[in-house]
Amino acid sequence: MGHKLLQMTFCLWAITCLLLPSPSVGLSRITLKKQRLDLQGIKAARIAMHGEDMLHNFGSSDGEVMPLKNYLDAQYYGVIGIGSPPQNFTVIFDTGSSNLWVPSSKCYFSIACYFHSKYKSSRSSTYTKIGKSCEINYGSGSISGFLSQDNVKVGGLVVKDQVFIEATREGSLTFALAKFDGILGLGFQEISVGNATPVWYNMLNQDLVREDVFSFWLNRDPLAQVGGEIVFGGVDPKHYKGKHTYVPVSRKGYWQFDMGDFLIGNHSTGVCETGCAAIVDSGTSLLAGPTTVVAEINQAIGARGVVSAECKEVVSQYGDLIWQLLVSGVLPDKVCTQIGLCPLKGVQSMSTGIETVVDKKNMEGLSAGDKVLCTACEMTVIWIQSQLRQKETKDRVLNYVNELCESLPSPMGESAIDCAKISEMPHITFTIGDKPFKLTPEQYVLKTGEDITTVCLSGFTALDVPPPRGPLWILGDVFMGVYHTVFDYGNLEIGFAEAA
């Protein structure tokens with residue numbers, strides 16, 4: 001009797017095991033190679049940040065895992081398949097855009113197409129013609145082509161009838177030199193060109209994943225074999241330590257949230273004291289923020305860019321007057337107007353130093369030199385106002401501001417750092433969900449080369465976005481490499497935890 005009971009129990013256990021889902025169901029881990037950091041790649045990334053529009057100008061581990069490849073410590077990409085049978089492409093998984101595009105076999109006149117895999121619709125039994133023309137403008141260049149529909153294989157998942165762009169023109173040398181073929185956008189449909197349903201949405205609609213969540217782990221170890229992983233439908237607990245801090249998505253389109261104060265060492269810059277918008281963008285290599293703050297960071301870490309003669313001129317001739325006006329209670333956004341360096345109405349944004357669409361008419365009467373002086377004045381006001389909060393003396397403040405002028409970032413170049421002084425540099429802290437997220441110098445300084453050829457560069461670059469969308473921070477791979485990131489579509493939240 002006991003023997004039969006034991007046999008029956010074993011049978012029930014075996015049946016239960018068969019019925020229960022395996023914890024590895026939906027997980028497909030593919031190990032990919034990784035390229036080392038390269039100086040030209042960093043320069044290209046900075047140039048991309050300063051294109052016509054950095055923001056794309058659009059008209060449990062129970063999930064699917066896509067290992068990512070780390071290219072130049074700036075581009076993480078993985079392999080997908082399009083069509084039946086699948087045609088393979090390397091793509092950047094970009095949370096800062098929403099379309100999927102790859103080069104088309106009908107791309108004849110763009111040099112980039114000749115260096116990358118091209119989609120051939122005639123070789124796919126599941127292809128459906130759409131043909132509608134479309135174009136996407138990125139900071140690093142534009143692509144144009146037409147819409148098509150086919151099955152897309154992401155890891156072990158097959159997304160059926162996915163609408164994507166066959167690119168017939170790639171208008172930038174950046175794409176020709178890139179190690180990726182195309183881009184798979186993971187942003188919201190609100191910014192999707194042609195209102196095409198994003199791949200992630202179709203994963204949910206076709207019940208291919210268990211949870212409305214995907215997560216990123218980016219490996220910053222230059223010697224590691226795996227560049228990172230993206231998990232569709234869950235979170236891998238091996239990728240992070242402790243608990244995630246979640247903040248709500250403040251504006252659908254990009255994965256955007258409200259960020260609090262920004263500190264250099266233990267001192268507030270004052271720029272985000274009342275809040276800043278921030279975007280988590282896996283398609284951006286660096287950390288991008290307002291020029292005024294990046295200049296302060298560069299000064300604190302000893303990075304040197306272009307010496308701004310106009311900035312020093314403003315400090316020399318108007319520094320005392322700006323100080324007096326601020327101390328007397330004049331509002332910061334009125335100071336440069338009263339001095340006469342900026343127009344009376346439609347003054348440039350105090351937080352960005354670039355003109356808004358509304359401002360343009362008011363700035364047309366200014367010469368190019370006067371516009372630069374207006375911008376320099378506004379930055380000087382921000383810096384002095386920040387130092388006033390710390391109750392420094394006037395002479396010390398003006399000397400400090402004069403030093404900041406020398407630390408203005410080069411718009412198209414790198415900000416070099418003395419590698420031997422990294423240990424002396426301050427921590428940089430972002431306030432997210434009322435909690436500090438610190439970056440050490442070792443984490444925000446990018447290194448390229450080895451031994452005596454090692455070059456150290458700042459991981460920060462300037463990006464000025466006018467209100468109402470700005471001031472804006474873009475937290476790219478430098479930040480995501482330190483903090484494991486969860487994109488919770490179901491609850492419209494973003495979570496950050498220390499990466500393991």
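Placement of Cβ uses the backbone N, Cα and C atoms for every residue, glycine included.
Annotations in TrEMBL come from automatic prediction, not curation.
Of the listed cysteines (CYS113, CYS134), only CYS113 is recorded by TrEMBL as the disulfide partner of CYS107.
Summarising the environment of CYS107 (disulfide bond), the number of other Cβ atoms within 10 Å of its Cβ, over all protein chains shown, is 23. The two recorded residues, ASP94 (active site) and ASP281 (active site), show a Cα separation of 7 Å. The average pLDDT computed over the domain 'Saposin B-type' (370-411) stands at 81. Cα spacing between ASP281 (active site) and CYS107 (disulfide bond): 28 Å, rounded to the nearest whole number.
Helix first, then strand, then coil: DSSP counts for the domain 'Saposin B-type' (306-346) stand at 27 helix, 0 strand, 14 coil.
In the domain 'Saposin B-type' (370-411), the DSSP tally of helix, strand and coil residues is 33 helix, 0 strand, 9 coil.
Using a 10 Å radius centred on the Cβ of CYS113 (disulfide bond) and all shown protein chains, the other Cβ atoms total 22.
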